[in-house]
Amino acid sequence: MVAVPADLLSSLSAPRPSQTVYREGIDVCLHCFNGSCPPALNGVESSNAHGRLHFERTGHRVVVNIQRRKKPASEMKRAKRDSNEPPVKKLAIREELPEEDKYNFHTQVRMYDGERGSASYVVVDEVDDKLNGLVAAVLSSMSSAQKSEVKAWEEEIVPCAHTRELVQPEQKKLEPSGLASCAVEGCGLTSNLWLCLTCGALGCGRQQYGGGGGNGHALQHTQETGHAVAVKLGTIEPDGSADVYCYACDDARIDPDIAQHLGNFGIEVADQKKTEKSMTELQVEQNLTFDFAMTGADGKELEPLFGPGLTGLRNLGNSCYMASSLQSLFSLPAFQDRYLTSFFTHPSTCTSASPATCFECQMSKIADGLLSGRYAVPHVPDATDALAGSDVEAIEDDKPRVHFQEGIKPSMFKSLVGKDHAEFSTMRQQDAGEFVVHLLEYIRRAARQAGTDEPTGIFGFALEERLECTECRGVRYKTQDQELLPIPVPVKQRETMDVEDAAARTTIEQDKERKVEYEPVELTGCLENFTNPTEIEYSCPACEKKVTAVKSTRFATFPDVLLVNAARFQLDNWVPRKVDVPLIVPSTGLDMSPYFGKGLQESEKELPQDMEDAPAEPQFDAEAMGQLTGMGFPEIRAKRALLATGHNGAEVAMNWLFEHMEDPDIDDPLPAAAAPAAAGSAAGGEPTEDQIATVCEMGFTPAQARKALRETSCSMERAVEWLFSHPDDDGSDSAPAAAAGAAGGAKKLPGSKDLPAQYRLKAFISHKGPSVHSGHYVAHVWTGQADPTGEGKGAWVLFNDEKVVRADAGEQAADKLKELAYVYVFERVQ
């Protein structure tokens with residue numbers, strides 16, 4: 001009989017309520033509650049004996065082995081909504097059936113008996129009340145998955161300063177006849193009407209996706225008067241609930257005094273009856289009906305694929321942006337080799353207290369999950385799926401069923417990578433392009449801290465900015481390190497009706513009756529626009545006056561893998577709207593050589609540097625500033641956007657603003673201009689001695705201050721935050737990467753100057769949906785070594801969360817969707 005020694009048993013205690021229990025593992029350590037794979041399963045030695053590694057490293061000997069078996073359908077609790085229930089009115093992600101309702105759990109206490117290096121893995125026969133209590137506590141504790149992901153989230157609507165402090169000049173009784181249609185002459189809309197809660201003006205709302213028309217006259221009223229708060233007529237209920245929108249906050253809000261405010265207009269809340277769908281209901285309806293068709297041209301389901309490199313990722317709730325990004329990155333050999341190797345080598349050397357907090361553990365686990373093929377097997381639906389409200393039950397019995405994968409759930413990865421991030425820590429929809437940039441920076445930071453290599457260098461390249469004074473013909477060159485190329489896509493609407501008919505359409509509502517089509521644009525044309533010279537106003541240090549200068553941007557080097565972000569947005573009633581402009585992208589044979597910059601030539605005269613050494617107010621393109629402020633952006637935001645995008649024009653700056661509207665420092669004063677040595681450096685440059693001294697005054701060492709400033713692009717505020725979040729980092733590895741290069745001359749640029757620079761399309765991320773704030777992301781990946789022209793062995797594969805299918809036909813064919821992709825991944829052809 002095997003028993004746990006008394007002294008060892010006395011050292012064990014139940015998990016605290018705040019403690020995370022990683023019970024997803026088959027073996028759960030009863031010392032620290034980490035989960036791991038057992039050294040043997042059903043008598044078969046495991047190739048991933050992480051449990052034994054955990055024992056060898058920590059000496060933790062006692063574990064509980066947890067196995068789960070699906071309950072018979074008769075024992076499961078039904079999770080389907082009854083048809084008699086009222087319709088859903090909460091903007092939420094539907095919850096899965098809880099594990100306790102789907103499975104029976106079988107446990108067995110086991111122990112590593114003996115010394116490290118030779119201990120046997122044995123079953124504990126003598127289990128007393130204390131051990132039983134520990135096992136029960138583990139089973140009843142909240143699992144790591146429950147803590148790291150919100151099973152269902154609800155949009156939180158709260159009051160704001162504009163609704164709390166709303167001032168109405170005087171009482172004004174509104175006649176019912178005046179509330180029947182939009183008050184703007186020539187409009188006449190009778191639905192989607194918004195009442196200004198300040199003065200009582202009635203105007204129509206903006207065009208709603210799937211929810212009726214609008215000409216934006218309520219917003220126009222706000223822009224003309226400054227009255228920020230309006231309520232949607234038809235959504236007011238006797239209990240005081242109603243759709244209230246604050247145009248100043250650009251978000252839905254609660255008016256705590258709605259009854260009083262409406263009473264001033266003679267509108268009694270108690271007498272109101274709801275006649276229109278609220279914004280939340282319209283969004284919920286869209287969520288429930290949103291579909292990404294998985295059928296081919298013949299109407300049949302696309303062919304599911306299984307095997308190594310063909311594993312899907314379960315949607316954790318608006319996590320498709322992360323899934324499509326990971327699938328694209330792990331299609332690249334550099335990521336495959338780096339992290340799949342680490343899966344086998346890292347666990348024996350990992351020093352983290354828990355694998356859940358170790359980025360190397362999580363990234364290598366993702367690599368094994370996606371690439372090994374162990375999890376890319378058909379999922380056969382059963383009663384569990386039907387009870388959880390799966391779409392499986394909608395399939396008729398007389399039709400052949402297509403079985404997709406169940407997919408892997410990257411819950412721990414998402415929790416770790418998104419931790420403390422204002423956006424990626426939430427369950428809200430995010431931008432796939434922004435997440436790729438965030439993840440690449442996270443990889444670099446983790447590698448620097450661990451002293452390991454990392455694969456993000458394949459994306460690095462440098463842009464060369466050339467500026468020439470039109471009077472003295474002096475030139476100045478700067479380089480800026482990049483890893484993602486934002487390319488604005490010009491929008492030109494294709495007319496599909498005659499001019500006379502078009503002139504007869506006077507409102508947006510009428511114009512929406514026809515499908516808007518756009519002229520296709522060549523990617524090479526976008527690259528030419530990006531690199532073409534533009535004129536700017538410039539203070540020339542040689543002429544010592546303001547002059548007109550010609551600025552152009554070209555490639556100083558080329559990356560091994562080129563990431564291109566196609567920006568397809570335009571303003572519609574002051575709201576960013578996605579436009580489906582077809583972008584003609586070659587699958588093979590993209591030649592970037594024509595966009596190569598050659599640097600300072602012998603015949604060119606370089607502008608003096610002495611005036612640039614003194615901090616000066618940055619110069620802004622007057623035309624770009626005029627366009628941005630004319631769109632309604634404050635001057636400070638327009639300047640910040642132009643600085644952040646390298647003065648590449650109003651359109652690029654506008655797209656940056658749409659992506660950073662919620663930044664806490666968006667309206668802060670601009671930082672003082674830096675000396676050119678810093679300004680010309682990558683990612684914000686080398687910190688100045690004054691910056692280092694200022695951070696040191698807060699109690700940090702110069703090495704810590706220097707490293708924190710480098711990590712945060714020399715932002716003082718972010719540097720201090722970085723130091724507080726990395727208290728154990730002494731800054732010892734903060735030597736600048738370019739130090740060696742500086743000693744021997746110019747700093748080394750990322751990428752290569754070798755020509756020709758030929759690329760072929762390896763993967764792309766597509767977005768389907770009405771706006772920049774909603775919709776669904778999928779990824780297409782070219783598998784195989786042949787050219788992606790259809791010749792040789794290889795195929796395009798669609799990764800739609802856990803669904804992995806061949807994408808050579810139908811609505812989701814690569815050739816069709818690549819024209820509307822959002823992020824493109826090009827591999828360099830050697």
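Every residue, even glycine, has its Cβ placed from backbone N, Cα and C.
Range annotated as region 'Disordered' by TrEMBL, chosen from 139-160, 667-688, 799-820: 667-688. When CYS204, CYS246, CYS249 are compared with the Zn(2+) site residues CYS182, CYS187, HIS217 in TrEMBL, the one appearing in that site is CYS204.
Within the chain, the domain 'UBA' (619-660) has long-range Cβ neighbours (under 8 A, six or more residues past its boundaries) at 223, 431, 434, 463, 465, 480, 486, 488, 530, 534, 536-539, 551, 553, 567, 569, 571, 574, 576, 666-670, 772. Between the C-alpha atoms of CYS204 (Zn(2+) binding site) and CYS320 (active site, nucleophile), the distance comes to 34 Å. Listed in sequence order, the binding-site residues from CYS182, CYS187, HIS217 having a Cα within 10 Å of the Cα of HIS776 (active site, proton acceptor) amount to none. The 10 Å shell around the Cβ of HIS217 (Zn(2+) binding site) contains 23 further Cβ atoms across the protein chains shown. Residues SER181, ALA183, VAL184, GLY188, LEU189, LEU193, LEU202, GLY203, GLY214, ASN215, GLY216, ALA218 surround the recorded Zn(2+) site, their Cβ atoms falling within 8 Å of the Cβ centroid of CYS182, CYS187, CYS204, HIS217, which are themselves excluded.
Comparing local CB density within 10 A for the recorded positions CYS182, CYS204, CYS320, the maximum falls on CYS204. Within the model, the domain 'UBA' (686-726) carries an average pLDDT of 74. The two recorded residues, CYS187 (Zn(2+) binding site) and CYS320 (active site, nucleophile), have Cα atoms 40 Å apart. Within 10 Å of the Cβ of HIS776 (active site, proton acceptor) there are 19 other Cβ atoms, across all protein chains. The two recorded residues CYS182 (Zn(2+) binding site) and CYS320 (active site, nucleophile) have their Cα atoms spaced 39 Å from each other.
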